[in-house]
Amino acid sequence: MWTGLGPAVTLALVLVVAWATELKPTAPPIFTGRPFVVAWDVPTQDCGPRHKMPLDPKDMKAFDVQASPNEGFVNQNITIFYRDRLGMYPHFNSVGRSVHGGVPQNGSLWVHLEMLKGHVEHYIRTQEPAGLAVIDWEDWRPVWVRNWQDKDVYRRLSRHLVAIRHPDWPPERVAKEAQYEFEFAARQFMLETLRFVKAFRPRHLWGFYLFPDCYNHDYVQNWETYTGRCPDVEVSRNDQLAWLWAESTALFPSVYLEETLASSTHGRNFVSFRVQEALRVADVHHANHALPVYVFTRPTYSRGLTGLSEMDLISTIGESAALGAAGVILWGDAGFTTSNETCRRLKDYLTRSLVPYVVNVSWAAQYCSWAQCHGHGRCVRRDPNAHTFLHLSASSFRLVPSHAPDEPRLRPEGELSWADRNHLQMHFRCQCYLGWGGEQCQWDRRRAAGGASGAWAGSHLTGLLAVAVLAFT
């Protein structure tokens, strides 16, 4: 009898371990319901009427969301609140003049909160539909030590304000008090802002642009030894912001590539570790779920209009998809649409390179979700540092023109082969959406919620043990 139960117990233990190592569930996708969203947030609406070079509308349908960061656009699926669009954000302007108190402890949180309703209502005018809301406050950072270089003005003024009140204090005491006052006020400004806007527009996912960051820009000084890894001290500092992650409902890191990193493994490592850090933060600071991560990138290299190479499309969009991000937001400013020539270059790049890659990755992520996760989760690379991507297999699929007017210019034709499914099984696992569980997101936790969640989990494990016993006795 006991020898017969040996393999059953072994199998049951394997199943229990697999259950225990399940990824935390995350928010289901918004917009189109796809597991990986690609959004276009570039003010290209000017290319047609102003420069007589409109982008191909069928190319633009490849994106799940289209928006513009320009001032005149409201009620969009993606809304970016720059510093002058949300309340009274204390900061110093480009000429060094104090605005709204300069430093957070010198600003009026009460007046700031009083103004939020009108500003949010102006840009997001209705509760529905759900969308992304990104607060872009970049002038100071809530962790004192991170206010280096041109941001040191916030530390200097903070020390000055304390020294005025306590002229007899030694510099060390002044600095310590200044840090406390700055960090406390910064925290209050960010926390209370999030709490207010979440209550006012609860269907939107809210977070701060560039949070978290991992400060892995040392490729300029250390090209030969650069790994892309986030310094341990910066990972620790991100954990000091647990209060921010707990209040956020989405994370919005940035992976803009400098041309220095073009078509290099350094570029891929730079992106990969930034996204991995965002996913780590998204996972560890919530007990029962992981926050969705939407990665900001650009269709071009930073500070220019040169389109990303194929390798760098893979290193940015492809890497984000394979690691398990909820999506990418392709952002650009008015520099993309200053003339007929800039619009033409962008239009050609979209048709030639960007749109075919976006269609490929979007559909590959969708097929993986269907095949691996029953459509109730997204595929996540088992080994974050592996060189495996969510790409349609060239032996099973091809992109063909779509002639339907309401569809993107390209669509995939083909189906997953046995080899494709085996590859996905080997290299990717599922992160289920909230309400679903199991290795392949096959268990409807909402249906099982008639009993306590603990009782449901227990009955599930009991079932696994029973199956194992039946199989080996």
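Any Cβ shown, glycine's included, is placed from N, Cα and C.
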As recorded in Swiss-Prot, which of C343, C368 forms the disulphide with C379: C368
Disulfide-bonded residues: C214, C373 - member with fewest neighbouring CB atoms within 10 Å: C214
Candidate with the highest Cβ count within 10 Å, taken from the disulfide-bonded residues C368, C432, C441: C368
Cβ-Cβ distance under 8 Å to C430 (disulfide bond), same chain, at least six residues away: L23, Q372, C373, G377, R378, C379, V380, E439, Q440, C441
Site with most surrounding Cβ atoms, counting all protein chains shown within 10 Å, from the glycosylation sites N77, N106, N340, N360: N360
Fewest other Cβ within 10 angstroms of its own Cβ, chosen from the disulfide-bonded residues C47, C230, C343, C379: C230
N340 (N-linked glycosylation site) and C47 (disulfide bond), distance between Cα atoms, whole Å: 7
For the domain 'EGF-like' (364-442), residues assigned helix / strand / coil by DSSP: 20 helix, 23 strand, 36 coil
